[in-house]
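Q: The structure's right below; bear with me while I get my questions together.
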Amino acid sequence: MKVFALWLLLLLLLLVQDVNSEDSCTSNLNLKNKPLFDISSFHCVSVWDEQGYILRYLQTDRKVWSFVISAPNSNSFIGMGFSKDGKMVGSSAIVGWVSNDGSSTMKRYFLGGESSAEVVPDQGNLQLVNMTSSIIAQNSTIYMAFQLNTQVTPTNRLIYSLGPMGRLPSPVNYQLSQHRAHISTFFDYNSGESKSKSPYGNLRRSHGVLNMLSWGILIPIGVMVARYFRQYDPIWFYSHTTIQSLAFLLGFVGIVCGFVLEDRLSSHVDKHKALGIFILVLACLQVIAFLVRPGKESKVRKYWNWYHYTLGRVLIILAAANIFYGIHLGGAGTAWNVGFAVTLVAFFSISIVLEIRLWMTK
């Protein structure tokens, strides 16, 4: 019971989020500090649901297109890029951020390559209308407003990026750190339809689903079988070992997918990676413990049981935390958080019922 109580407490802490001030196209945009151009008649569309990006836009003059991109202010830079082919390299972007002291910055960048050194400030083919750009931070949301001078409709290939938390560009050289998430879209300016394709989407889903299914669902089920169904001997034992073995195999494949994904995206997810490796090590220790377990009559069997139980419970708690952390890093959105949270709550509720039943039969 203690492990599931700790599990629920962890769940509640991870799900606490401030959602009262989210921007949306259905809410009235009432900014205290107005942009330097009228946005009252702008079209509005959600362009990146996972990260809460909202785009307001309009052709405000024959050669002028105006944009306001908004996103949750997470002490990170936000970027909007214009690309010929949907790729970051070779595109030009507008990037903005608000520092902890309240100062705001917006700059043009040319993305000449994949490294930070090749992302050059004050370069690119975007021509901003003078004295109309601004950054506004209000109610935990950042608004980046700018106007482009262009002879034709801007490119339909739009890219959005989100920088790492707490690592804003230095005012010395304005070099950008590696973004923690980005998305490439095809945007129809007439209909406002935005179609997106996340890089390596299938590999991302495989990594997330396999690890959630193995470490977050099957492992707890296997523990519950061993805890509450020992009266069905030896069925409980074979069920327990089969479920945990399947979970280990699926989890191993899921972690391998994570290594491949990290390499292809050149992402920096050190904490998530370290936790994943530690969880895999714990699982390997459990497999070794199973293979060398002493007999039931052995004097050391009770110490082996303590070791086996404790290691398993630590694994479950860390796995649940890392799954939520992975959902956050991947920008998978609220649906994944809610789905996994509901699963954990269901496990906790079932465990309470079975625990009461177990104590009543003793």
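Placement of Cβ uses the backbone N, Cα and C atoms for every residue, glycine included.
Feature table excerpt (TrEMBL):
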type: BINDING; residues: H207, H240, H272, H308; note: heme b binding site
type: DOMAIN; residues: 51-166; note: domain 'DOMON'
type: DOMAIN; residues: 171-362; note: domain 'Cytochrome b561'
type: SIGNAL; residues: 1-21; note: signal peptide
type: TRANSMEM; residues: 212-229; note: transmembrane segment
type: TRANSMEM; residues: 241-261; note: transmembrane segment
type: TRANSMEM; residues: 273-292; note: transmembrane segment
type: TRANSMEM; residues: 304-328; note: transmembrane segment
type: TRANSMEM; residues: 334-354; note: transmembrane segment
Q: What residues elsewhere in the chain lie close to the transmembrane segment (273-292), defined as a C-beta under 8 angstroms and at least 6 residues from its ends?
A: 211, 215, 241, 244, 248, 251-252, 255, 258, 262, 304, 307-308, 311-312, 314-315, 318-319, 321-322, 325
Q: For the domain 'Cytochrome b561' (171-362), provide the mean pLDDT of the predicted model.
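A: Within the domain 'Cytochrome b561' (171-362), the model's average pLDDT equals 89.
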Q: Looking only at the recorded stretches 212-229, 241-261, 304-328, which one has the largest tally of CB-CB distances under 8 Å to the transmembrane segment (334-354)?
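A: Going through each listed stretch, the top one turns out to be 212-229.
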Q: List nothing but the one residue from H207, H240, H272, H308 whose Cβ has the fewest other Cβ atoms within 10 Å; the candidates are the binding-site residues.
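A: Sparsest of the binding-site residues H207, H240, H272, H308 by Cβ contacts within 10 Å: H308.
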Q: Which residue counts does DSSP yield for the domain 'DOMON' (51-166) in the helix, strand and coil classes, in that order?
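A: Residue counts in helix, strand and coil order: 4 helix, 63 strand, 49 coil.
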Q: In Å, how long is the longest CA to CA span across H207, H240, H272, H308, which the record gives as the heme b binders?
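A: Among the residues the record ties to heme b, max Cα distance equals 28 Å.
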